[in-house]
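Enquirer: OK, Swiss-Prot features for this one:
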- 75, 104, 105, 106, 254, 275, 276, 277, 278, 279, 325, 326, 327: S-adenosyl-L-methionine binding site (BINDING)
- 94-314: domain 'SET' (DOMAIN)
- 556-596: region 'Disordered' (REGION)
- 575-596: compositional bias 'Basic and acidic residues' (COMPBIAS)
């Protein structure tokens, strides 16, 4: 895929293997596993831990130099083979071709005019690499015994990909040969490039991603070399950190949830050819047709011959795109930053505020989001801030006053302020909080803009600085908006403007406008680093309205996530990383792996 696939294709690994004994390598692997499985560092020590883990990984990589084996040639040499295989499998092959789009990398180009909502691409199940196909492969015996593989389908897909790459008779070779040999995810950043992200909201996820990948690699290196059920895997002689990093990134940037053959549940899959499509703003136009057992994609808009065909990956922030897709999307209509807010349990009015929030379906403590759009806060955050700033009298009115239950419906509605004083307090709070968050960055926005003008800036540094700047611009927007709102409501108060009064008949107005939906009817997504994308979330705006089609988002469930396990001798080897819900609407807690 596009920007995610700016790569330097490597030649086959024919260099001499570094002189290292199996025992020496196993000792290094054990040291890495121990380091990555230790307790989380104390606050402020995460970077130090990252540097230490990275030093161990680099030591291992140096000793593994020349051991990785990849395909001779460059990616485009194999595109014709991919198309021929697709035709053989009865996938769609007409109306488009794979083409290079400069800064966006490879993508699909229309070879004829395509109308909006026209079905132009379908991929049958037989072409997909799935957790189910992994179970039926050489990886099956190990899968049946290993708790990590059973808990983490993404890891299963990564090892499945490596095993098939090493199998000269694999049916998926035409696909695997066209995958990038490197990616632009932070796993490929140099230490100094990662340093640009220090003090950003993204840094913790970046450091966790690296630590978890290193831990998984060390664990599976031991498993591959010691577990009886791994004896037939074609990885024993060549399973390097670079191999695993490549497989993780390939899966992280491409995996999707599709239904199993019987439709009873979902499974993870890599979808050849379709995953060449690059991202743009829009709507989900891909779904899985259970009746025909294939992935189907309709055109997002009208495309003229020669134009690039895009798909919509979902409502992801640029932090998600950078961390899990390896690119920064300049025109991201869904960009946002996280803001953690909560009512202090030591506050005198805590019980009353918590009760009002509970009635509105909002936790007393949660991670919300500030958006790049106008307004910068959603209905959920507005409701939280109103309750957060309520006086005891106002709280009592929403608990036991006239129409108290119905008034809960107005908390997220801009047309029904609690009071002018409440509005002034909440916007003052937001303005102050955003300003404080801005002070945590080590550079000013103008400094970032100046750095981006340097012609010798590396691609990864450019991506990191763009993300850092975008975070600040969203916070600056929140400060500006908060100030303007504060002044507006102060003027209303000073002029004695009448407060809009809620009447019971207004409930019809609230229920007939999506932007004014009662908070209690909207799902508040709590970002506790565990977002899972639901495949059955079709909106009325989605093109695939057929109930037999399940929407598909490219690269969803990005991280190699799973439940935390304690493999034999490994300690807490696998930590569950953040999962995101790219398809969620403007719900709080949206933040979550890159491209083609």
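Every residue, even glycine, has its Cβ placed from backbone N, Cα and C.
Each of the listed features needs to be described in terms of its position in the shown structure.
Expert: When secondary structure is read from DSSP and collapsed to three states, residue 276 (S-adenosyl-L-methionine binding site) falls in the helix class. Neighbours of residue 276 (S-adenosyl-L-methionine binding site), defined as other CB atoms within 10 A of its CB across all chains, total 27.
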Enquirer: So, in DSSP terms, is residue 75 (S-adenosyl-L-methionine binding site) helix, strand, or coil?
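Expert: SS state of residue 75 (S-adenosyl-L-methionine binding site) = helix.
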Enquirer: Among the binding-site residues 105, 254, 325, which residue has its Cβ surrounded by the fewest other Cβ atoms within 10 Å?
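Expert: Selected from the binding-site residues 105, 254, 325 on minimum Cβ neighbours within 10 Å: 105.
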